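Written below as structure tokens is the structure these notes are about.
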Ligand SMILES: Nc1ncnc2c1ncn2[C@@H]1O[C@H](COP(=O)(O)OP(=O)(O)OP(=O)(O)O)[C@@H](O)[C@H]1O
């Protein structure tokens with residue numbers, strides 16, 4: 001809005017549109033002249049004739065009164081046409097873009113069909129159905145315009161749903177309707193607002209075009225019919241043609257120019273975070289026979305694959321077994337591509353749609369998670385399982401203030417009122433070490449640093465006191481000093497809340513610093529599990545030894561015992 005207020009093009013065009021629309025609705029009240037009242041004595045009266053400031057047409061109808069009534073007809077046409085196109089196009093675009101491939105294909109097919117309708121011709125053919133009522137005609141025209149909006153929305157949604165902040169919203173337990181209505185719609189609203197200005201212009205021009213052709217009720221004054229009548233009288237009274245052409249021209253041109261100004265104002269307003277294609281994918285439940293002393297999270301024989309070009313499923317995770325006990329911090333380590341994130345995302349139900357869980361089981365508190373519906377998963381995510389991502393910035397929706405995002409997630413997973421949730425969030429922000437919580441609460445994500453964004457996400461993750469926190473490389477995107485602070489914060493919060501943490505990392509330093517147990521992954525398999533101190537002292541697998549050697553060569557490892565802060569020994573190489 002601020003950018004628009006500084007743009008002369010936007011100011012001038014908005015003013016012109018408002019003047020014409022206001023004149024259309026208020027003018028007839030003040031003028032109190034029937035635009036359809038013919039008076040042959042005033043036929044072709046010149047401008048300035050008493051009672052006819054802009055003259056009268058061939059039938060002696062007052063031109064000013066007809067112009068004002070036509071402005072009203074245009075405004076209503078624009079609103080109905082664009083309104084229907086928006087409601088239908090945006091709703092179906094959100095559905096077609098957000099939900100699975102089948103929904104997308106069906107909606108695409110329907111809108112492709114609508115696009116084949118021969119627009120204006122169909123409206124003419126349908127005149128007996130519409131009874132010449134321009135409002136009904138515009139309603140149908142709105143449907144015909146909706147494919148444009150559908151396509152814009154669907155394409156934008158398809159891109160936006162890959163954004164990490166949509167994953168983050170899903171993980172925080174928000175429903176699809178909530179995510180669509182708030183996070184996705186807000187991300188796609190810019191181009192839709194721009195398109196709306198053009199749609200209104202198109203609807204107005206089409207209504208005028210139809211009236212020019214004499215389609216529709218002659219009792220409804222319209223710029224189109226005025227232009228048509230003025231045209232037949234062009235040589236004798238050119239002003240009768242000029243007035244409606246001028247106002248219609250100004251109105252439609254203003255709408256197009258306003259659309260351009262809106263586009264300029266909205267461009268660059270939103271920083272687009274990097275994409276990562278991960279979405280929900282239910283999998284077949286697999287029941288396991290073995291029994292164990294019940295860990296909080298119990299993964300058995302988990303195998304994940306992707307269809308190859310030949311159509312066969314190529315496994316990337318080959319039968320992972322992993323236990324995370326209540327209150328334990330377990331480090332899942334391994335080089336890049338070893339399958340750590342795939343394993344963690346399988347627990348969160350965030351694997352991409354093309355991923356196939358070929359076998360295995362993921363149980364939380366004895367309840368099988370694989371195969372749960374989206375709705376059922378939501379009862380866990382954000383409450384029992386929370387998630388801290390690798391790139392904090394990309395996991396916050398750039399369109400909303402930090403505080404409102406945290407309040408929204410908290411309210412989705414609790415019964416707190418808005419005020420209570422706000423108080424809780426402020427307390428949490430203070431707890432995670434944010435110096436001025438009130439101020440940060442009101443800030444947008446782009447106004448805070450990466451470290452602060454990670455603190456914000458940690459605050460959001462622990463807000464519902466989860467039993468299990470999955471942290472995927474939570475410090476990788478941060479600079480070294482901030483990394484240490486975030487690790488300390490995680491350690492303190494874990495001790496305070498007694499939650500279990502599955503910490504995905506490739507950094508043995510982080511494992512040494514924070515974890516009690518560790519599991520080492522290589523090429524989609526767990527090659528070693530054990531207590532951190534013991535594994536560091538006597539690694540069993542050659543791969544662990546190699547990794548330890550290579551990493552210790554590069555890094556300084558803080559080897560303070562887990563959950564026993566403040567006596568950090570720095571052990572260099
Ligand atoms: N959408 C996908 N399609 C096909 N293969 C994939 C897909 N996503 C991941 N993979 C493969 O799965 C394997 C494991 O990836 P994953 O992201 O779990 O590794 P990682 O250990 O977490 O590595 P990093 O630390 O780099 O994130 C990799 O070989 C990767 O190429």
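Glycine is no exception: its Cβ is also placed from the backbone N, Cα and C atoms.
Residues 109-128 are the range that TrEMBL records as transmembrane segment, among 49-68, 109-128. In TrEMBL, the feature transmembrane segment is placed on 75-97, out of the ranges 75-97, 167-189. For the ranges 134-152, 267-285, the feature annotated in TrEMBL as transmembrane segment maps to 134-152.
At the 8 Å Cβ threshold, with sequence separation of at least 6, the transmembrane segment (109-128) comes into contact with the transmembrane segment (192-221) through 3 or more pairs.
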